[in-house]
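Please read the structure below before turning to the comments.
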Amino acid sequence: MSKLSLGQATQYPDQYDPSLLFPITRAENRLKLNIKPNQTLPFVGVDIWNAFELSWLNKKGKPQIALAEFQVPADSPNMIESKSFKLYLNSLNNARFEDESEVREKLIGDLSAVAGSKISTRIHPTEAVAKKGMQEMSGVLMDRLDIEIDPSLSADPALLEVNESFGPIEQCLVSHLLKSNCPVTGQPDWASVQIRYQGRPILEEGLLRYLIGFRQLGEFHEHCVETIFCDIKRQCKPEKLSVYARYTRRGGLDINPFRTDHNAPWPDNMRHARQ
């Protein structure tokens with residue numbers, strides 16, 4: 001990770017520069033989950049990025065602003081390192097474009113080249129985003145449980161258990177207590193997580209303890225969600241499983257990974273109170 005712009009002194013660009021984008025291979029972190037290169041992934045999904053600091057110049061030199069949504073497929077070879085993404089977007093600030101569609105095509109081309117897969121890109125005017133408002137994740141809130149816990153303990157998959165006395169159910173569980181840390185800078189990453197499954201009832205207290213165990217973990221957002229997905233799948237063996245996390249914004253960007261093992265609809269990209 002020595003070449004990552006995260007953790008390095010920052011020189012902000014004043015000219016458009018797609019070479020600022022830095023890829024991070026997904027395969028390395030997936031080896032920790034016993035997912036080998038070229039192996040069929042146990043999930044499908046997407047990483048939804050929202051950019052709140054997108055700006056460029058029109059042909060007359062007048063600044064334009066907008067918000068952007070990017071969808072990076074979970075089966076792309078690479079993630080995009082977040083600080084390099086921020087610097088790249090900043091490099092557009094003084095670049096002139098004919099119109100919004102030209103900006104969009106430039107974004108798609110540059111980002112897809114780094115990710116190694118086609119990235120869906122939408123540009124939204126600020127007033128359209130404001131009208132959408134905010135909403136919270138639906139589901140049973142596990143944070144209501146009054147538990148005593150040592151928050152210094154790491155996430156232990158053995159905490160994930162089901163109630164063998166009951167047959168399969170469909171349930172959606174939510175927690176706002178997910179926290180991990182950037183593996184490069186150590187900065188905290190805060191998130192809400194939604195776990196939707198079909199199978200024997202997962203014991204909520206054990207699941208909540210497991211999620212709190214991520215507080216000391218240094219991993220990227222995407223890998224945290226894939227770890228949660230794989231651990232629940234192995235330990236609880238649900239027939240169907242989807243895991244969705246919405247992380248708080250850093251550097252004008254938020255990242256919201258979604259993983260599922262069935263033909264579940266992609267989640268709505270709705271802002272939450274902490275975003």
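For all residues, glycine too, the Cβ spot is worked out from N, Cα and C.
The structure displayed is predicted, hence computed values, not measured ones.
Taken verbatim from TrEMBL:
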type: ACT_SITE; residues: Cys182; note: active site, thioimide intermediate
type: ACT_SITE; residues: Asp189; note: active site, proton donor
type: BINDING; residues: Ile80, Glu81, Ser82, His221, Glu222; note: substrate binding site
type: BINDING; residues: Ser82, Lys83, Arg250, Gly251; note: NADPH binding site
type: DOMAIN; residues: 12-122; note: domain 'NADPH-dependent 7-cyano-7-deazaguanine reductase N-terminal'
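Residues within less than 8 Å, Cβ to Cβ, of Arg250 (NADPH binding site) and separated from it by at least 6 positions along the same chain comprise Ser82, Gln187, Asp189. The DSSP breakdown of the domain 'NADPH-dependent 7-cyano-7-deazaguanine reductase N-terminal' (12-122), given as helix, strand and coil counts, is 34 helix, 35 strand, 42 coil. If you average pLDDT over the domain 'NADPH-dependent 7-cyano-7-deazaguanine reductase N-terminal' (12-122) in this model, you get 97. Distance noted between the C-alpha atoms of His221 (substrate binding site) and Gly251 (NADPH binding site) is 15 Å.
Listed in sequence order, the residues of the same chain lying 6 or more apart from Ile80 (substrate binding site) and placing their CB within less than 8 Å of its CB are Leu21, Phe22, Pro23, Ile24, Val72, Leu111, Val114, Ala115. Rounded to a whole value, the Cα-Cα separation of Glu222 (substrate binding site) and Cys182 (active site, thioimide intermediate) is 11 Å. Annotation note: His221 (substrate binding site) sits in a helical segment as assigned by DSSP. Of all the Cβ atoms in the protein chains shown, 22 others lie within 10 Å of the Cβ of Lys83 (NADPH binding site).
Counting in whole angstrom, Glu81 (substrate binding site) lies 12 from Gly251 (NADPH binding site) by their C-alpha atoms.
Other residues of the chain with a Cβ within 8 Å of the Cβ centroid of Ile80, Glu81, Ser82, His221, Glu222, the substrate site, are Ile24, Asp47, Met79, Phe85, Phe220, Ile255. Take the CB of Gly251 (NADPH binding site) and look out to 10 A: across all protein chains shown you find 17 other CB atoms. Within the set Ser82, Lys83, Arg250, Gly251 that the record links to NADPH, no two Cα atoms are more than 9 Å apart, and one pair reaches that distance.
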